[in-house]
Amino acid sequence: MAQDNFSQVTEFILLGLSDTRELQLLFFTFFLLAYAMVLLGNLLIIVTVRTDPKLSSPMYFLLCNLSFIDICYTSVTIPRVLAARLSGHKAIAFEACMAQLFFLHFMGSSEMFLLTVMAFDRYTAICRPLRYTAIMARGACRALVAACWLGGFIHSIVQTVLVLQLPFCGPNTIRSYFCDVPPVVHLACADTARTERLMASNSGLISLGCFLVLVASYALILAKLRAHLSRGHCKALSTCASHVMAVTLLFMPCVFTYLRPAGTLPTSPYVCVIYTILSPMMNPLIYTLRSSEMKESMRRLWKR
């Protein structure tokens with residue numbers, strides 16, 4: 001039966017963001033520039049952290065991992081969008097679609113978990129400074145990062161297996177520029193109510209749960225800083241505000257997309273642009289421009 005399901009639909013058609021030629025050219029330019037910014041910005045962060053011994057604190061170790069995930073995350077979708085625009089070939093093989101779906105959720109959920117760990121790191125540094133070194137030791141940081149990758153892998157495996165169990169024998173047109181769970185499940189020629197509930201409880205609750213933990217962490221940090229008005233605490237307050245903006249940019253569209261059945265109001269592909277392109281593009285700016293140490297290290301790297 002499973003073999004029959006795979007043989008009936010061999011490819012999907014990704015419609016992209018627009019059918020208008022002028023808009024397609026505009027979106028191609030935007031995607032190309034955004035991808036270049038993601039690659040250059042995050043590679044610069046990785047090289048800077050890896051080459052400067054002064055950036056050996058847990059915060060920069062986590063930031064380096066975030067940059068690597070952002071590069072992988074955007075590389076799952078954007079290169080294929082650019083290649084499809086150049087070749088005019090909008091079809092994607094069934095196996096390639098499932099692989100894209102798997103790696104998209106693998107990298108996306110790993111980033112969510114990692115951002116939660118980064119918020120915990122900031123909470124510990126500000127609210128528990130005397131125990132910070134013991135709590136965020138090098139071994140503990142590596143274990144937390146490994147747990148983020150493992151959690152992302154398990155989540156993605158569950159999502160992919162649920163999709164592969166569905167039969168696809170009818171329409172194969174996806175109104176998006178990449179393969180994702182909601183639009184693919186919507187094409188299944190079977191009752192998907194139970195599968196949609198399982199997927200919503202998986203992706204949706206992970207997004208919502210991580211977001212609530214992040215908000216709680218930053219709320220505790222802000223409560224701790226409210227009674228202190230020194231220059232250092234004001235800077236920490238400004239940094240927390242920028243981090244809250246970054247996580248909101250990622251999590252709110254994900255909660256909107258995944259915490260509901262796929263058969264309800266369809267998700268606009270423009271909403272997907274926020275968490276697949278804008279968020280990874282903004283992360284290097286938000287997480288580095290607030291750090292004087294990082295900027296000074298980049299200046300030294302540039303001089304060398």
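Using N, Cα and C of the backbone, Cβ positions are placed for all residues, glycine too.
The transmembrane segment feature in TrEMBL is assigned to 25-47, 59-78, 98-120, 140-158, 205-225, 237-258, 270-289. Positions annotated as domain 'G-protein coupled receptors family 1 profile' by TrEMBL: 41-287.
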Determine the mean pLDDT over the domain 'G-protein coupled receptors family 1 profile' (41-287), rounding to the nearest whole number. 85
Using Cβ atoms only, state whether the transmembrane segment (59-78) and the transmembrane segment (237-258) have three or more pairs under 8 Å that are 6 or more apart in sequence. no
Which residues, given as numbers and ranges, are at least 6 beyond the ends of the transmembrane segment (205-225) yet have a Cβ under 8 Å from it? 109, 112-113, 115-116, 119-120, 122-123, 126-127, 155, 233, 236-237, 240, 243-244, 247, 251-252, 254-255, 258-259
